[in-house]
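Since the structure comes first, as structure tokens, the remarks are kept for the end.
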Amino acid sequence: MRWFSHRAAVAAASVLSIATQSQVAVAESVNGNAVVANGTSFALNGDNVSYIFHIDPATGDLISDHFGGSVTGAIPAAAEPIVNGWVGATGRIRREFPDQGRGDFRIPAVRIRQSAGYTISDLQYQSHTIVQGKPGLPGLPATFGSEEDVTTLVVHLHDNYSSVAADLSYSIFPKSDAIVRSVNITNLGEGNVTIDALSSLSVDLPYEELEMIYLRGDWAREAHRERRKVEYGVQGFGSSTGFSSHLHNPFLSLVHPSTTESQGEAWGFSLVYTGSFAVNVEKGSQGFTRALLGFNPSQLSWTLRPGETLTSPECVSVYSATGIGGMSRSLHRLYRKHLIKSKFATSDRPALLNSWEGLDASINASNVYQLAEESAKLGIKLLVMDDGWFGNEYPRDDDTAGLGDWQVNQAKFPDGLGTLVNNVTALKAANTSTPLRFGIWVEPEMVNPNSTLYHEHPDWALHAGDYPRSLSRNQLVLNVALSEVQEFIIDSMTRLLKSADISYVKWDHNRGIHEMPSPSTDHAYMLGLYHVFETLTSRFPDVLWEGCASGGGRFDPGVLQYFPQIWTSDDTDGGERVAIQMGTSLAYPPSAMGAHISAVPNQQSSRSVPVEFRGHVAMMGGSFGLELNPEELHEDEKAALPALIQLAEKVNPIVLEGDMWRLALPEETNWPAVLFISADGTKAVLFAFQMRANIDNSSPWVRLEGLDAKAEYRVDGGSVYTGQTLMSMGLQFVFEGDYQSRVVMLDRV
Ligand code: DGJ
């Protein structure tokens, strides 16, 4: 039996340190009972979650006890495993940081190759430290919070045979029911060691049936939700593309087979990283489920010289007893408040018009200005000039040339960029005195061989000796691990942003990694990229930055640290977007999604969807906009746009700050529905959709969730119903035809 004290904080100092497990008999409680340690046992407690582990006195190993609903007082010890086969005791227990080579045959969280060639480790508890607040991670994006928001426990492990130390850092955000873990590996020996594998999080859950939920996709069909049984053996996914990728997202959820959107237990794991990654779920022979999220071992091979440290990215874990929806809302709240650094995280996202689908790369000063004039007439507040504006010796007329040469093309913009921006920002959005803002597209990590940059610096592109450099979209990737490349990007973007009144940047990235000088370039690139992001976003805090990678190829928490929004997909078909945006919302707040109305037939799917449906879907994203040339629209579509823009502006604050309730999923019904409830609970907006015409049948009621049962709500300025009624009975809509939709406002009376 172990015991966790729930007395109020006893620590006057903000940093407590315990040298050995035997020294401390009295439990320490820090920040209320956010972290409770008694020297051999540790508990992290949130409002509705407890995460508990202890030190095995015989081996110094860290043993997991519990990750789930709140635990109070004494906890029962796990039964001693009966060792009766050739899987030894270490293969029959739940371990916090499984190392390699000593009888646990499941996937290890760390594999260290010593100079002698061994890959064995024996990492034993040495001491621990508790810190109020959360220290940053050197060079990596990380969640943050004040001393009241978060408490951090660092457990120091040491391998006496190899002189390698590992620090496991656990931070608890009690209000978000979130525990964040990262790992430091330090070489304290005299020879080099190589880290071949390192997971930020490894969690062993007890013997029970579980299912895994994750996001898969490809270009223009990102974030499709998959759910399947966790089978005996290893199952997993990841990315080896050098970025988080369209193919899989660095996110995993584990649930019980009976868990639904609104009921049951759900664990969510989200890796705060943008590079290649690996997620593995292993159900071992004893029935425990181990989940690991971290670096992709095929692209790590990280050498540590004496005294050096490798810090893993951090992994966020949340627990929900209120289904998959509860898990998502915890992640959303955490990310809005404790991950996204931009001042625009939950505010001021102007309705925009992006030139890409309307004009392609065929842009010049006159057609961009015309687009701006048309935009202003519709009530748009920000004009974004996409690809095609740069390159002189190698003009960017299409995707074969120009990347790397970040100077405005003088033939297309004879009076320069500054003049165009001044002209655009002199326009006023219809019926307002709001000046139009100007935004610009860049893709700074890339180079076309047809560019001045490549001719001057061919060595800056990724390459491995004389191996041919594989082109994709006619471009190569700059080796952002090199400091001269980082400086080039920082300098050229700084020059661009100082050259005109630019208030928005769309930062694109349109291909995967290719020939690298070594596997470790993958992570070195990320450290370089984060340095570039950090420098530029702190230098230009008033710029609204948008991430993009051929759509949502880099929709991850690493990017969100610096950019408050990401272009969700190049698929702008409203019908397809319902699933893409609802899938993305599994892990990421809708505030972070860019979503636009484009023209029909849609450029990706050739489908024609009514403009209202396209608009309603787009306004579920925090950054609403248009991606079309208004001059080419049908008159009735054009006429519908001002009202849609106004409605988007009305619902935007609720989408940016509020909680999202996925009421009905597109993969399960013809009538997907989503409810957003404002942070203070006084307003809500319901989106109800019909995907396909439902001939001569009735339509289902949409039951609302998350309202205050006792409160009353006025629906669309008319009838008043109680929250209880709206949640028990719901609202019903009559739809006629394919792709129909309704947006309904609720005001608490
Ligand atoms: C890919 C992006 O996802 C598009 O929105 C557009 O910016 C193009 N690149 C431009 O090349």
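Yeah, the Cβs are placed from backbone N, Cα and C, and that goes for glycine too.
Please treat TrEMBL annotations as automatic predictions, because they have not gone through curation.
Keep in mind that what you see is a predicted model, and the values were worked out from it rather than measured.
In TrEMBL, the substrate site is described by W219, D386, D387, R473, K506, W507, D508, H509, N510, C548, and among D196, D405, D570 the residue recorded at this site is D570.
Under 6 Å, Cβ to nearest atom of ligand 1: this is the test, and of the binding-site residues W219, D387, D570 it is passed by D387, D570.
Cβ neighbour count for K506 (substrate binding site): 26 (other Cβ atoms within 10 Å of its Cβ, all protein chains included).
In the three-state DSSP classification, D570 (substrate binding site) falls within coil. Non-local contacts of W219 (substrate binding site) by the CB criterion (under 8 A, 6+ apart in sequence, same chain) comprise H246, S550, G551, G553, D570. Here the Cβ of D387 (substrate binding site) has 22 other Cβ atoms within 10 Å, regardless of which shown protein chain they belong to. Under the DSSP three-state reduction, D508 (substrate binding site) is assigned to coil, being neither helix nor strand. For the binding site of substrate, formed by W219, D386, D387, R473, K506, W507, D508, H509, N510, C548, D570 according to the record, the largest Cα to Cα distance is 19 Å, rounded to a whole number. Around N510 (substrate binding site), the same-chain residues six or more apart in sequence whose CB sits under 8 Å from its CB are E443, M446, R473, Q475, A549, S550, listed in sequence order.
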